[in-house]
Every structure is written in C-alpha cells, then in structure tokens.
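Enquirer: Checked TrEMBL, it gives:
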BINDING   Gly62, Ala64, Val65, Asn69, Ser293, Asn325, Leu442, Ser446  Na(+) binding site
TRANSMEM  79-101  transmembrane segment
TRANSMEM  122-155  transmembrane segment
TRANSMEM  210-231  transmembrane segment
TRANSMEM  243-270  transmembrane segment
TRANSMEM  290-307  transmembrane segment
TRANSMEM  319-340  transmembrane segment
TRANSMEM  430-451  transmembrane segment
TRANSMEM  472-497  transmembrane segment
TRANSMEM  503-526  transmembrane segment
TRANSMEM  547-567  transmembrane segment
TRANSMEM  596-621  transmembrane segment
Amino acid sequence: SHAPLYHTQYQGVQVIMMLHLPNPGLASKILSHEQLEQLDSEEDEDRPKWDNKAQYRLTCVGFAVGLGNVWRFPYLCQVYGGGAFLIPYFIALVFEGLPLLHMELAIGQRLRMGSVGVWNSISPYLGGLGVASLLVSFLVGLFYNTILAWILWYFFHSFQNPLPWRNCPLNENLTGYVTECEKSTSVNYFWYRETLNITPNIETSGSLQWWIVLCLATAWCLVYICFIRGIETIGKAIYVTATFPYLVLTIFLVKALTLSGAADGLAYLFTPNWETLKNPKVWLDAATQIFFSLSLAFGGLIAFSSYNPQKNNCERDALIVGCVNSFTSIYASIPIFSILGFKANTNYNDCRNRNILTLTNAFNIGDENITLDNYDDWLSHLNNTDPSEVESLHLKTCNLQTFLDQSASGTGLAFIVFTEAVINMPGSQVWAVLFFVMLFSLGLSSMFGNLEGVLTPLLDLHMVPSWIPKEIFTGLICLTSFAAALIFTLGSGNYWLEIFNNYVGSLPLLIIAFFEIIGVTYIYGINRFNNDIEWMTGQRPNIYWQVTWRFISPLMLLVVFLAYVAIEAKQQPTYNAWNPNYVDFPLADVQPYLQWVYAICVLLSTLPVVSIPLVALYKLLGFLKRRIMNRHNQNPYENEAYVGDL
C-alpha cells in the first residue's frame with residue numbers, strides 16, 4: 001500500500017492536496033508534537049544538548065563563517081566591479097541563502113536527526129540525499145584540513161626574524177641567490193618550493209613532503225581533541241574559535257587603516273562599476289558564493305539544530321546566522337583591501353624608485369635630485385630633451401591601477417599576497433602570527449561542521465556498534481581522513497586540492513540543496529512544515545518564506561545549476577602549473593587536464609550525488625516487487641487448487 005494523493009491534514013482542520021511519492025506511514029515515522037514535548041520534558045538522555053542558546057548560534061556562525069569569507073568574497077568584489085557586486089550578492093542572500101538556511105535549521109530541529117535520518121524519515125526515496133551530504137562533508141573535510149596544515153606551517157615560521165619568506169636563499173656555491181627564487185619572488189619561492197615543493201605538472205606526483213605530513217597530522221589531532229565528545233567539547237572550543245577571528249580582524253582593521261595606500265585599496269573595493277552587472281557570470285558567482293558561504297547542503301547545520309530544544313525560534317536563528325555571515329564578509333574585506341592598497345602602493349613606489357636609480361645613473365644627475373614627488377616632471381623633461389636615450393633604458397611602466405588590479409583568491413591571497421604585504425609592515429612577525437592564528441580559527445570552526453555532517457548521520461543510523469565508544473569512532477574517522485588526505489601532501493598535492501575544491505564543493509551542493517527544498521516543500525508537505533514551525537516558534541512563516549520555499553529558491557537553484565553546467569561544458573578545463581622551466585616563468589604555465597584527470601574531475605562531481613537516484617531506484621524496485629507479490633498472492637486458495645490440478 002502507498003500513501004494517497006489526498007490526505008487529511010493532521011490537525012484535522014482541512015483537507016489539502018500534497019504531492020506524495022509512495023511513502024507509507026510518514027506520520028508513524030515522525031514523532032508527533034505531543035511526543036516531542038514529552039521527550040523534552042523527560043530530558044532525552046540519548047541525544048546531547050547545547051548548554052545555552054549562544055553556544056548553538058556561535059557554532060552555526062563558526063561553521064558558516066570560514067576561509068571563504070576572508071579570501072573569496074573580497075576577490076569577487078575586486079573582480080566584479082567593487083560595490084556593484086553587493087547587489088547580486090544580497091539578492092542571492094534574500095532569495096536563496098536565507099530560505100535554505102531557515103529550512104535546514106527548522107527541519108533538523110523538528111525531526112531531531114542528522115541528514116540521513118531526516119531525509120529517510122520524510123521519504124525512503126530521499127534516503128540518498130543524506131548519504132550525498134555525508135560524502136560531500138567527508139570529501140570537503142579532507143582538503144579543508146590540508147589548508148589548515150599549510151596555515152600551521154606558516155604559523156610555525158612566523159616567529160622567525162626575519163620572516164623566512166623575506167629574502168631569497170643562497171645557492172649551493174654561496175655565490176648568489178637560487179635561480180628559481182631570483183626569477184620569481186622570495187614569497188612565491190617560499191610557497192611553491194619551500195612549502196609545497198611543487199611538481200611542474202599534475203602527472204608528476206612527487207614524493208610525500210614530510211613537513212606537510214607532520215602539519216597535517218597536527219591539524220587532525222587538534223580537530224580530534226576539540227571534537228572528541230561531539231557537541232559537548234565543540235561547545236567549549238567554539239567560544240574561542242568563533243570569536244577570536246573578529247578580535248583579530250578588528251586589530252587588523254585599526255592597523256590597516258593607518259597604512260599608506262589604504263585609501264586607494266578601499267576606493268578600489270567600494271567604487272561600483274555598474275557595467276559588470278550585465279555579465280551573467282557575476283550573478284552566477286554571487287549565487288554560488290552566498291550558497292557555499294552559508295555552508296548549506298553539507299548536513300552540518302541540520303545536525304547542529306537537531307540538538308536544540310523543540311520550542312526554539314529557528315527563524316530568528318537563521319536570520320542572525322545569515323546576516324552575521326554576510327556582515328563578516330564585508331567587515332573582512334575592509335582590512336584585506338586596505339592591506340592590498342598598501343601593497344600596491346609599496347610596489348608602485350618600488351617600481352618608480354628603480355626607474356629613478358636608472359635615470360640618475362644614465363644621465364649623471366645628482367643623488368636625491370629626482371624624488372617620488374617630482375619623478376613625473378623629470379621623466380617628461382628627459383623625454384623631451386633626449387627621447388632616444390630614455391627609450392634605450394627600457395624603464396618599467398609604473399601604474400598604480402595595474403598593481404591594484406593584481407587580484408588573488410584563496411591560497412594565493414593568504415600565502416602570497418598577504419605574506420608579501422606583511423614583510424613591509426612594522427613588527428611583521430606579530431602581524432603574521434595574528435593572521436595565521438585567525439585563519440586557523442576560521443578553518444577549525446568550519447571543520448567542526450564538516451565532521452558533524454559525517455558523524456551524526458552514522459551515529460543516528462546506528463551503523464556504529466554499541467560496544468565502540470564514540471571517542472574511538474571519532475578517532476577512526478579522523479585517522480581515515482588523515483590517511484586519505486596524504487594525496488595532498490605529495491608534490492602534486494596542490495593541483496589535486498584545486499580539483500577537489502572546484503568539483504566536490506560546487507555542483508554536488510547545488511543538486512543536494514535543490515532536492516532538499518523539493519523534499520520539504522512538496523513531499524514532506526509545506527502545510528505540515530508550516531504547522532511544525534508555528535508549533536516550534538509560536539508564529540506561522542510569513543508570505544516571504546512561503547513564496548521563496550515554494551517557487552523562487554527552487555527556481556534559482558535550477559537556473560544556477562543549469563548555467564553552471566553550461567559554462568563548465570563550454571570550457572576546456574585547465575590548471576595553473578608552477579614550472580621553473582616554462583619559457584615565460586614566473587608566469588603560470590596554463591596546462592589542460594589529461595583525459596584521466598578530467599575523468600576524475602567528472603567522478604568527483606557525480607560520485608557524491610549518485611546515491612540520490614540509486615537509493616530512490618532501489619526503493620522503487622522494492623516497492624514494485626512487493627506490489628507484484630501482493631497481486632500474485634491475492635487468493636492463496638485458488639493458487640493451491642491450481643497447483644493441485646497440476
């Protein structure tokens with residue numbers, strides 16, 4: 001038997017029509033409001049609880065606010081017309097980010113389960129959705145913690161005086177500097193050679209870099225220590241990991257605004273270029289940024305909200321977490337761009353000083369006659385009097401705008417651009433230590449959510465034997481993750497990390513979120529969901545939530561998904577290789593992915609979500625098999641007589 005197309009709303013007031021996949025006994029699988037109230041009053045001992053409201057909100061904020069807020073959002077603002085990017089960003093927040101965030105927090109709180117349990121309860125056909133979230137959380141956790149390992153490596157080196165990336169190392173003969181470093185910069189050399197010891201292409205694996213392996217082991221140990229007893233220990237650690245980045249950002253903000261060139265950086269960030277809004281890629285990137293920035297579809301938020309008491313205002317939680325996340329992105333952009341403005345000014349003045357030295361020597365002009373203030377006048381004068389001589393000097397073109405345009409995202413911003421800027425700041429060691437501690441705190445609180453998205457579903461499904469303590473099981477997960485993440489510590493590890501970042505953390509999340517919102521709105525039933533929220537919060541969701549859940553958010557997710565696939569299908573996937581033998585080195589050697597590597601890219605995009613159709617198909621076949629068996633065995637006596645005649 002299967003659920004009817006029409007059923008009476010469980011409050012018994014009206015009959016509603018609800019799109020229903022075959023889903024026998026939905027009401028029997030989900031605890032009623034009365035049963036939940038009884039559980040709350042009896043203090044259900046099996047499921048841990050948050051100590052207080054602030055702890056829960058800080059954990060959600062810590063999970064949502066991650067490295068992307070510091071190094072991805074400012075980059076998108078820079079590339080897409082400064083302040084103009086905020087328009088598509090806030091549209092995506094209002095119509096896509098907040099509705100999905102509210103939905104995840106509400107359904108987790110109502111059903112008191114992790115992602116696998118939630119979707120399995122709503123419909124057996126959606127069971128693959130929880131498995132998909134679990135796989136994405138696991139795979140993202142692998143490379144995310146490797147970034148934390150790199151941050152630790154830089155943190156340990158930040159105490160040296162001078163900073164190890166300030167100067168190029170001497171060659172073996174001690175007669176000059178290492179050629180690779182001389183051709184590029186000391187900062188690039190420290191990142192690509194001293195830290196990653198990177199290979200010239202992805203096919204050349206290289207060996208395990210033992211120093212990164214040690215840092216990776218340390219990172220996983222720290223995650224394990226904080227996570228050892230689930231939310232009981234996370235709740236204590238989060239007070240530090242979620243609040244410390246704001247303290248550091250504020251210190252950086254005060255310092256950055258006093259740097260020369262800060263105003264240029266801020267003007268560059270906030271001056272809107274409205275023309276960029278005509279580019280559809282701006283809207284696509286805004287939609288994907290808000291989506292990934294809020295850590296939707298990982299299952300971590302559903303797990304965190306499942307530890308809440310039933311009578312809790314999840315709508316207010318969603319608005320607070322969503323707005324704090326977006327505020328953090330903008331707040332972080334101000335010190336970051338002040339520092340980028342300072343760096344651009346420093347490079348601009350260095351460029352002009354080199355030209356001044358060249359002109360002074362070539363024309364035998366007295367020292368300090370040409371200064372930065374009168375450089376343009378002198379250059380104009382010499383160009384008029386002796387143009388051929390000036391041309392033969394091949395002076396560098398120094399343009400402040402060009403230096404400001406040198407955008408960087410992700411690891412490029414953290415480990416190259418920022419470290420270069422820090423060198424020129426007074427007390428550079430202090431700023432380097434603060435910066436990397438801040439990044440580590442941001443990453444660590446996001447790792448809690450990733451690990452929670454793996455552990456809670458496994459524990460809820462009772463896949464862990466009762467004789468294994470939770471601490472041991474958590475340790476086994478961390479150990480497995482550490483072993484799998486060793487691929488990122490190879491010479492080619494950075495290339496693989498980019499692949500995981502681009503393909504695991506993008507398309508699968510869009511697909512999961514689309515099915516999540518369809519599952520809640522049309523299979524669980526929007527009226528049932530509205531009643532649940534009214535019971536939990538004391539007020540029915542308003543027209544804004546109704547319209548976004550039913551129509552706008554699913555439509556936006558579908559459009560973003562189709563646009564993303566269309567753009568990816570047109571492009572030949574390439575990657576930037578660091579190749580000292582490349583003709584135009586130190587420029588990136590842009591290489592296409594080989595066929596087998598591209599096959600892995602496709603696999604990483606599809607593997608996490610293949611469980612969605614597989615589980616649905618498996619359940620459907622089981623359902624059809626039972627129907628056929630029931631039909632054949634409708635009259636067993638007739639069957640026996642028939643057999644007897646034979």
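Each residue, glycine too, has its Cβ placed from N, Cα and C.
TrEMBL labels come from automatic prediction, so no person has curated them.
Could you tell me the structural context for the features on the list?
Expert: Cβ neighbours within 10 Å of Ala64 (Na(+) binding site), excluding its own Cβ and spanning all shown chains: 27.
Sequence-distant neighbours of the transmembrane segment (79-101) (same chain, 6+ residues past either end, Cβ-Cβ under 8 Å): 268-277, 279, 282-283, 285-287, 289-291, 293-294, 296-297, 301, 318-319, 321-322, 326, 330, 407, 513, 516-517, 545, 548-549, 552-553, 556-557, 560.
Counting same-chain residues at least six beyond the ends of the transmembrane segment (243-270), those with a Cβ under 8 angstroms from any Cβ of the stretch are 58, 65, 74, 77-78, 82-83, 328, 331-335, 337-346, 400, 404, 425, 431, 434-435, 437-438, 441-442.
Away from its own ends, the transmembrane segment (290-307) comes close to residues 47-50, 56, 59-60, 63-64, 66, 68-69, 72-73, 89, 92-93, 96-97, 100-101, 104-109, 111-116, 118, 130, 133-134, 136-137, 140, 231, 314, 317, 321-322, 325-326, 329, 446, 448-450, 452-453, 456-457, 505-506, 508-510, 512-513, 516, 560 of its chain (Cβ-Cβ under 8 Å, at least six residues beyond either end).
Within its own chain, the transmembrane segment (430-451) is flanked in space by residues 59, 62-67, 69-70, 137-138, 140-141, 144-145, 147-148, 151-152, 154-155, 158-159, 163, 222-223, 226-227, 234, 237-238, 240-242, 244-245, 248-249, 251-252, 255, 295, 298, 300-301, 304, 414, 418-419, 422, 474, 477-478, which lie at least six positions past its ends and keep a Cβ under 8 Å from the stretch.
For the transmembrane segment (503-526), the residues of the chain that approach it from at least six positions outside its boundaries are 16, 18-21, 23, 26, 99-100, 103-104, 107, 119, 122-123, 125-126, 129, 132-133, 135-136, 139-140, 143, 288, 291-292, 296-298, 546, 549-550, 553-554, 557-558, 560-561, 564-565, 568, 601-602, 604-606, 608-609, 612, judged by C-beta separation under 8 angstroms.
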Enquirer: Could you check whether the transmembrane segment (210-231) packs against the transmembrane segment (596-621) - three or more CB pairs closer than 8 Å, residues at least 6 apart in sequence?
Expert: no
Enquirer: Neighbourhood of the Na(+) site (Gly62, Ala64, Val65, Asn69, Ser293, Asn325, Leu442, Ser446): other residues with Cβ within 8 Å of the Cβ centroid, in order?
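Expert: Everything else in range on the chain: Val61, Phe63, Gly66, Gly68, Ser295, Thr328, Ser445.
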Enquirer: Other than its close neighbours in sequence, what residues sit by the transmembrane segment (596-621), given a CB gap under 8 Å and a spacing of at least six beyond its ends?
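Expert: Those are 22, 124-129, 131-132, 135-136, 139, 202-203, 499-500, 502-504, 506-508, 511-512, 515, 573, in sequence order.
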